[in-house]
């Protein structure tokens, strides 16, 4: 789960790739050019023919040491009194039945750890309060994170630019809530119980989030592929131009180039990352992806283990045990990014409880065999006639897709690397954002070496 951050003029898309004033339907395009809160400074040529099978050489040792496994999280962690009071009032005012007469001393709330963007809480009725009707007894309270603090990252900009930032931030949240409601109505996501400027109340689904290691389990990987293919097949009433990816990276990069840290350690970390000549790298990446075929579909854009629920009671089901959640980055985008981004997430564990609160291991990137397993499950769901193709046609399709997603994995590293630098400045979530940015750019250059680009 990662926090949105947007800048730019009125003609640019929000981080969701959406414009309230934009309409029209754009056909899928052949290429880019042809169409994870307590420390503010805690901080090829176009594919006309078939390509040879993409060989992924053995990766080098991981750039970061692997700390010991995390200790169990604290139980029933409580929010600060002001947050508790606001949560109580939201639940009392938005939820029906027994919630309406609930006293504050009867209100139960606990912190849900693990979000890198938003603050999450479980709110519930006590066992002593009987239900009146079919009202939920537990709900999830989501409070928006650093997107509400965008001004602080652009203090030197014009008042007009700051106002545009604030408008686009508010627009993004409204549109994400609209998207959330649509997916809920289609039974593709949790129900929406209430929405307000600071966040929303969602259905609390008995479940747990996947662990990073579970992404590589064959049955889990196959179902994620099927869920993603279904997501990609949806028709949504949003801007269908694939502007989100490079529009967002350009905005992040502009912010990063203007950032100033007061802590010397952060200054040195930023200096090291800027020595990579990020503007030139971004243009090289754009040139590479311009000649990489990838259909434009409705993408999740953040399909990591923390955004995939394992449903309680469905653990032994073959194909109905998972649910995708957290759609704040969803937009029409290149398919290769969504899948490549998911593959990148195999390398990162965000559950480590000591600084920098994540572990990275490049060796965990899926092997060619694991990628083909995912791609086969994806194509069987996404492409109705895939299984009727000849074995030669299936092979060629999968080889093209291997090249597609591994190239777009570069964009994943670049995007979240920039994102993390911005978060180091504006986020109040306790996380080693600068260390994470460094890890993503190290992985970016490693992926370039593997691909020979």
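A Cβ is built for glycine as well, from the same backbone N, Cα and C atoms used for every other residue.
Keep in mind that this is a model prediction, so the values were computed, not measured.
What Swiss-Prot annotates here:
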type: REGION; residues: 22-81; note: region 'Disordered'
type: COMPBIAS; residues: 55-73; note: compositional bias 'Pro residues'
type: MOD_RES; residues: 71; note: phosphoserine
type: BINDING; residues: 113-119, 142, 203-209, 304, 326; note: ATP binding site
type: BINDING; residues: 115, 116, 117; note: phosphocholine binding site
type: MOD_RES; residues: 243; note: N6-acetyllysine
type: MOD_RES; residues: 275; note: phosphoserine
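A map of Swiss-Prot features onto the structure.
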residue	record	Cβ contacts under 8 Å, 6 or more apart
204	ATP binding site	122, 124, 136, 138, 139, 140, 190
207	ATP binding site	309, 310, 311, 312, 323
275	phosphoserine	none
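Burial estimate for the recorded positions (113, 243): highest at 243, by number of other CB atoms within 10 Å. The DSSP secondary structure for residue 207 (ATP binding site) is strand. Cβ crowding, taken as the number of other Cβ atoms within 10 Å, peaks at 304 among the binding-site residues 119, 304. Across the fold, the C-alpha of residue 113 (ATP binding site) and the C-alpha of residue 243 (N6-acetyllysine) stand 32 Å from each other. In the three-state DSSP classification, residue 275 (phosphoserine) falls within coil. DSSP assigns residue 113 (ATP binding site) to coil, not to a helix or a strand.
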